[in-house]
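Undergrad: My questions will all concern the structure given below.
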Amino acid sequence: MSQVRRQTAVLPRPNWGWQDDAACRGEDLMLFFGPDGERQPERDIRERKAKQVCASCPVRMECLNYAVARPEKYGTWGGLNEDERSAERRRRMRRANAA
Ligand code: SF4
């Protein structure tokens, strides 16, 4: 009896293990991403609540590093909103260029 071998490409896979410990597991995604057309001050209130969850998250740095290293344009990641992540990305690039 011959055995059929399935060949699969071996690609590097991102490490998602940190997400298992995320404080936002089970939370409503809308808390972190918000609805289309969201306005102030609702956005500020929602982001403040999302950041409170992030503040107690044991994998906050892993989450932030993930989101800053990729073009994650939307949502609250690692306790930072879009604008704050852009600033953090620029700060890290300046630091890397200066080294
Ligand atoms: S830092 Fe915030 S968004 Fe990231 S995994 Fe933790 S709770 Fe979720």
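Cβ from N, Cα, C; glycine included.
Positions annotated as [4Fe-4S] cluster binding site by TrEMBL: CYS24, CYS54, CYS57, CYS63. According to TrEMBL, the feature compositional bias 'Basic residues' maps to 88-99. The domain '4Fe-4S Wbl-type' annotation in TrEMBL covers 23-87. For 76-99, the entry in TrEMBL reads region 'Disordered'.
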Undergrad: With every protein chain in view, what's the tally of Cβ atoms within 10 Å of the Cβ of CYS63 ([4Fe-4S] cluster binding site), excluding that atom itself?
TA: 24
Undergrad: Using DSSP, what is the helix/strand/coil residue split across the domain '4Fe-4S Wbl-type' (23-87)?
TA: 35 helix, 2 strand, 28 coil
Undergrad: If I restrict to non-local contacts, at least six residues apart, and a C-beta distance under 8 angstroms, what lies near CYS24 ([4Fe-4S] cluster binding site) in its own chain?
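TA: Same-chain residues close to CYS24 ([4Fe-4S] cluster binding site) (Cβ under 8 Å, separated by 6 or more) are LEU31, PHE32, ALA50, VAL53, CYS54, CYS57.
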Undergrad: Could you give the residue numbers and ranges of same-chain residues that sit at least 6 residues beyond the region 'Disordered' (76-99) on either side and whose C-beta is under 8 angstroms from one of its C-beta atoms?
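TA: The answer is 32-33, 47, 50-51, 54-55, 57, 60-61, 63-68.
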Undergrad: Quick one: give me the count of other CB atoms within 10 A of the CB of CYS57 ([4Fe-4S] cluster binding site).
TA: 19
Undergrad: What is the Cβ neighbour count of CYS54 ([4Fe-4S] cluster binding site) at a 10 Å cut-off, with all protein chains included?
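TA: Within a 10 Å radius of the Cβ of CYS54 ([4Fe-4S] cluster binding site) lie 20 other Cβ atoms.
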